[in-house]
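A.B. asks: Pasting in a structure now, in structure tokens, and then I'll have a few things to ask.
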């Protein structure tokens, strides 16, 4: 951007010199009274008043200068998309419309020229004697003009509508945002910041100048080649004159469209960059958003504790159904159950350590569930098997040896 400004305007630094003192007089007092917080909240660099000039840094409103250094989150992108705020260049759609319309005229060629000539021959004489027609005749003529004019231009109109839609779809995809249609006062009364020079307004200025200069130059070059021919159209037949003018216009529009396409591509990437910059967050905003998404750590821990308590409560209610509780007397308790026809191996239905292990043993004693001390197996089962899972094959022999010693289990499986 700095290089563009220097190239176009010949400035040696990154500041715009605005001569407005002659228009507003004491402009500094005007700003201080009307916008008392302008210096501290709006401008990234204070406005300098010296020698009658007002210098404003080109980096005004840059995200970093406003403290927005954090990259945008997916939540912020989603919220902006719901509002209809997406990176989009209007230049892309308008350029595609121009190229599409010009392309249709080129394809139709002689047919379009012939139909245009017929239209002119039919209605031009009528236009010269409108004062002779009554109201009813004028209504009939107007209806005919409208009908024939639409028949002449409908292919061009249809293609331009299609290309206008395509120009937006290729940038943002198929998207409908009802919130973008809602009434917003800030669209009618834009923020004062947007009136001051910033990257967007400067880019638009350079873009507009580039379009005027490039289209002017290319039009001059192309018209120069056909200038003498255009001067002689008065001596030509109508079809020949229309054909010449149409061909010259086609060359200008196609060349201008290709030039504008390059500008549109540059504008798209600039708008995308500006959009990304506008989505950046301050560290405090990023922290607040993360806190809202993940929840307050205190509340999150409380919810996790409630979930653990609920899971433990459900687990403890299964202990009376256990066939055996294997324990390490001081630390671990693992409750196992086996249902013939349902389970292919004994299943862990409850486990716990320390206080929870003691609670499992207490419930087991109250419900006459056998308790077997096997420190090694208790530790391994607690570490490797989750509640609800069947024990792995490497535990089969040790667990079966424990179960077959229990009279209650042997009766259950019919071994007694």
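These residue numbers are counts, starting from 1, taken along the chain as shown.
Just so it is clear, glycine is given a Cβ too, placed from its N, Cα and C backbone atoms.
Okay, these came from TrEMBL:
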- 66-85: compositional bias 'Basic and acidic residues' (COMPBIAS)
- 66-87: region 'Disordered' (REGION)
- 96-120: transmembrane segment (TRANSMEM)
- 152-177: transmembrane segment (TRANSMEM)
- 209-232: transmembrane segment (TRANSMEM)
- 252-270: transmembrane segment (TRANSMEM)
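Where in this structure would I find these features, and how exposed are they?
C.D. replies: Here the transmembrane segment (96-120) has Cβ contacts under 8 Å with residues 148-149, 151-152, 155-156, 159-160, 162-164, 166-167, 238-239, 242-243, 246, 250, 253-254, 256-258, 260-261 of the same chain, all six or more residues outside its ends.
Note on the transmembrane segment (152-177): residues 81-84, 86-89, 92-97, 99-101, 103-105, 108, 112, 115-116, 119, 268 of its chain, located 6 or more positions outside it, place their CB under 8 angstroms from a CB of the stretch.
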A.B. asks: Mind checking how the region 'Disordered' (66-87) divides into helix, strand and coil residues in DSSP?
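C.D. replies: Counts, helix then strand then coil: 10 helix, 1 strand, 11 coil.
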